[in-house]
Amino acid sequence: MRHLLSTRDLSRDEAVHILDVAEDMADVGTREIKKTPALRGRTVVNLFFEDSTRTRISFEAAAKRLSADVINFSAKGSSVSKGESLKDTAQTLQAMGADGVVVRHPSSGAPHTLAGSGWIDAGIVNAGDGTHEHPTQALLDAFTIRRRLHGTAARGKGLDGTRVVIVGDVLHSRVARSNAWLLTTLGAEVTLVAPPTLVPVGVGSWPVTVRYDLDAALAEGKPDAVMMLRIQAERMRAAFFPNPCEYARIWGLDDARLALLGPDTIVMHPGPMNRGLEISAAAADSERSTVREQVANGVSVRMAVLYLLLSGDGKADR
């Protein structure tokens, strides 16, 4: 694997292999010393042009557990804020000897540009580009679902027949896009639920079912997982729904809807959460919730991605 830019690029076998290596990395996390020398001598740069807490820290933890050297770059306070181009930034990192670059950028397609430009000879990981994709989030979501379904027998398995309902601001969600492609590649059945104003143009070409009524979607064959998406108000330049209270009433996972879910249905959220809007506090904190598991699993999955990207080996050094 040279780069990880989109979940659409992954075959089923490739996706399952990443999840299996992530299982090995999760085992590393159970040791007294939670490190492996797999990437000793390698340099990973976290190149973030957008604010991030969970993703940046998760990638940093992943790289350090693999014994890589980590450089954190933030656009704020850097030469980028003075007008430096992506090309010049990439060439600077090339001169510094970066082996892997984790990129988050507000412009859709920026990681693809970086990977195909020839400006830098490094493995590129897309950590979120505009409203396009966020592949490692989808991988950690798939990893979480697979572990909940299969436990210690998860290795080698996909998500065949698993029903996943993704609810909320699909229009602005790179998480929804990456999950739509990855989960279906792994065999899951995905339903998107959103207000008509928050459904993107062209969704008919996605391998998903689209619904506008959350209650009907939840009632049609109990889902195995319900994933709530954050309302991304910072990306909205118009009124996409009447008001927050109305949104929560029609499309939020409130206490009443939580009580109607099947006994084994899990509740997911990529974070950060707007409690009381897309998800109630009771749902977020319930035993069904995998929010904290997703954070922990994110480190294991990102360890797997960095390992496969930078080591050139398919077997983790355990």
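Placement of Cβ uses the backbone N, Cα and C atoms for every residue, glycine included.
For R54, T55, R104, H134, Q137, G271, P272, the entry in Swiss-Prot reads carbamoyl phosphate binding site, with the evidence type sequence analysis. The Cβ of R54 (carbamoyl phosphate binding site) has 14 neighbouring Cβ atoms from other residues within 10 Å, across all protein chains displayed.
The L-aspartate binding site annotation in Swiss-Prot covers K82, R174, R230, and the record cites sequence analysis as its basis. Sequence-distant contacts of R174 (L-aspartate binding site), defined by Cβ-Cβ distance under 8 angstroms and a gap of at least six in the same chain, are G128, D129, G130, T131, H132, E133, H134, Q137.
Shown in sequence order, S52, S58, A127, G128, V175, P270 are the same-chain residues outside R54, T55, R104, H134, Q137, G271, P272 whose Cβ sits within 8 Å of the Cβ centre of the carbamoyl phosphate site. Between the CA atoms of R54 (carbamoyl phosphate binding site) and R230 (L-aspartate binding site) there is a gap of 14 Å, rounded to the nearest whole number. Under the three-state DSSP scheme, Q137 (carbamoyl phosphate binding site) falls in the helix class. Cβ-based neighbour count (10 Å, all protein chains) for R104 (carbamoyl phosphate binding site) stands at 24. Between the alpha carbons (Cα) of T55 (carbamoyl phosphate binding site) and R230 (L-aspartate binding site) lies a span of roughly 15 Å.
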